[in-house]
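First the structure, in the form of structure tokens, and then the observations on it.
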């Protein structure tokens, strides 16, 4: 399933409100190094030479996106997202060429590098079924009981943190994501929908600084990483 002759489209589900940040605006619009988190994310995707289009799924009540300098970019298209990430991704897939390949990337991962995108795109020679960026688990992992006590230590061999982008053939992802949701499957990312359908995606080792801004402390870290990337 080669993508060499088909265009590559980036999908950014950005309809969430990011309540864990405790901010007055959705977290993707928080200021970060003289622009917004989402602005940094979009710059990376829009400026990549192999990405033909970027589709952003927005909350229907969104009043912030139109103020971004990236909002009028010729490669950018917006759609109305849904209540859950999977709903937003499906809405974006409805507008994507079914023959394309899609890179689905979290709005709140502003430190993505072009090098990681290149590695993921190139991975189809090894993983024609699609792949995701990941980072090997480095710390000792513990599972707890219902009261917070440690119940056991989890073996971290071959254990990975799932990152984004996640890279799949558009039609296959749309079919499997829709079927998984209809079956009531728990879909936490695109790879989980593919796994549910019996497709086992590959994992490509990505940079550790490709963090997701989830808590207030993450902003400081993301700022440092972006400066190191020259952004």
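The backbone N, Cα and C atoms fix where each Cβ goes, and this holds for glycine too.
The site 'Transition state stabilizer' feature in Swiss-Prot is assigned to 20, 27. Positions annotated as site 'Positions MEP for the nucleophilic attack' by Swiss-Prot: 156, 212.
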Determine the Cβ neighbour count for residue 27 (site 'Transition state stabilizer'): the number of other Cβ atoms within 10 Å of its Cβ.
25
Between residue 212 (site 'Positions MEP for the nucleophilic attack') and residue 27 (site 'Transition state stabilizer'), what is the CA-CA distance rounded to a whole number of Å?
11
For 156, 212, listed as recorded sites, tell me which one has the smallest number of other Cβ atoms within 10 Å.
156
For residue 212 (site 'Positions MEP for the nucleophilic attack'), which DSSP three-state class applies?
coil
